[in-house]
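The structure under discussion appears below in the form of C-alpha cells.
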Amino acid sequence: MVAAAYHQAICFTANEGARDFLVTSSSGSLKMKPVFRKERCSLRQYVNCVKHSSESPLCAIKPIFSSLSSTNDSRRTVPESYLILIRHGESMWNEKNLFTGCVDVPLTTKGVDEAIEAGKRIRHLPIDVVYISALIRSQMTAMLALTEHHCKKVPIIVHDETEQAKVWSQIYSEGTEMQSVPVIKAWQLNERMYGELQGFNKLETAERCGKEQVYKWRRSYDARPPNGESLEMCLRRAVTYFKEQIEPQLSSGKNVMVVAHANSLRSILMYLDKLTAEEVIHLELSTGVPMLYIYRENQFIRRGSPLGSTEDGVYAYTENLALYKQNLLDEVLDEVSL
C-alpha cells in the first residue's frame, strides 16, 4: 500500500523483427508502442525494473538514457538535469551504534559493499560534478561508487583552499581534464554535530538519559543535544549551500551527485519535497541507497531509487513518511465523516 503510493511507471525497450518498441507498465498492465531508431528516450521514460525479477527477459534489456547535453533533439524544449543523492555507506560507528556526528570515521566492509552497489545502480546516469562532505565516509562512498560508472572518468577532488593549493593541483592536459569528474568538498554538507553525545552508545545513552529525551535529541526539529546542533541548525547550513552552490549547477544543465549524511540529506530533502518540520522527523534514509530527482523548470521531481533491487530498497527513505502522511489523511477523513 505504502510502496504503491510512490510507484513510478517503468519503461523498457524491446525489439521485434526490425522494429523497436517502448514497453511501459502502469497499474499492472503492459503497453507497447513503436519507437523509431532515431528517437531517444527522454528522462520521463526513465528505466526502473524493480517490479520484474532478475530472471525476467525484460530485465536483460539494457536501459537507454538520453544525453542531457545533447543539442540534436530539436523536440526537447525544457532542459532537464539529474540530481542523485546518496547517504554514505555504513561507517564503523554505525556498526557499533555510536553517536558519530562530525567525528571522522571510515566505512566498514559492509559500507564499502554498499557504496559499490550504489555505484552499480547509477552507472548509466550522466554525472558532471560531485559534491561530498569533509568527512571520510562521504568521500569513500563517492569514490567507490564512481569506480562503477560506465564512463570510466576519474573523480578528482578540487583543492581550492589556498592559491597555492589551486596551482599545485592544476591539471594542464585538456584531454586528461575532459576525462575527469570534479569532486567538490564542502563542510556545510557534514553530518549534524551531536556535541557531547559523540562517541556514546545510543542504547546506553537512552538508558542513562531516558528514551524520550534521546528521541527528542535525535528526531525533533529544533531540540539540541548538549553543545550540539539541532536539525534546524544543520538545515540552515546544508540548504543554504545547496541553494547557492548546487542548484545553479542544475540550472545550467549539469548533472549532480551529492554524497552526504543522514541529517544533512534529510535537511536537503525537506527543501526538495517541501516537507514540514513535523513531516521531516519521520523521514528515514538507508545507507548506500541512491535517490534520484529530475530538475526541470526550477522544480524537483522525485523518481525514487534508480534500478533498485526491491521495492523496499526503492522506497526505503519514504516509507515512514508515507505512513505518517496516510495517518494524517485518515484523521482528516474521520473528522469529515463525523
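Placed from the backbone N, Cα and C atoms, the Cβ positions cover glycine too.
Listed in TrEMBL:
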BINDING   87-94, 100-101, Arg137, 191-194, Lys202, 218-219  substrate binding site
ACT_SITE  His88  active site, tele-phosphohistidine intermediate
ACT_SITE  Glu191  active site, proton donor/acceptor
SITE      His261  site 'Transition state stabilizer'
Can you count the other CB atoms that lie within 10 A of the CB of Arg87 (substrate binding site)?
29
Would you say which of the recorded positions His88, Arg192, Lys202, His261 has the most Cβ atoms within 10 Å of its own Cβ?
His88
Count of other CB atoms lying within 10 Å of the CB belonging to Gly101 (substrate binding site):
22
Determine, to the nearest whole angstrom, how far the Cα atom of Arg192 (substrate binding site) is from the Cα atom of His261 (site 'Transition state stabilizer').
8
Whole-number answer please: how many Å between the C-alpha atoms of Trp93 (substrate binding site) and the residue listed as 'active site, proton donor/acceptor'?
13
Between Gly101 (substrate binding site) and the residue listed as 'active site, proton donor/acceptor', find the distance joining the two CA atoms and give it rounded to the nearest Å.
5
Write out the long-range same-chain contacts of Glu191 (active site, proton donor/acceptor), meaning residues 6 or more apart in sequence whose Cβ is under 8 Å from its Cβ.
Thr100, Gly101, Cys102, Ser133, Leu135, Cys234, Ala260, His261, Ala262, Asn263, Ser264
For Glu90 (substrate binding site): intrachain residues, at least 6 apart, with Cβ closer than 8 Å:
Leu107, Thr108, Lys110, Gly111, Glu114, Thr287, Gly288
Euclidean distance between Cα atoms of His88 (active site, tele-phosphohistidine intermediate) and Lys202 (substrate binding site), Å:
19
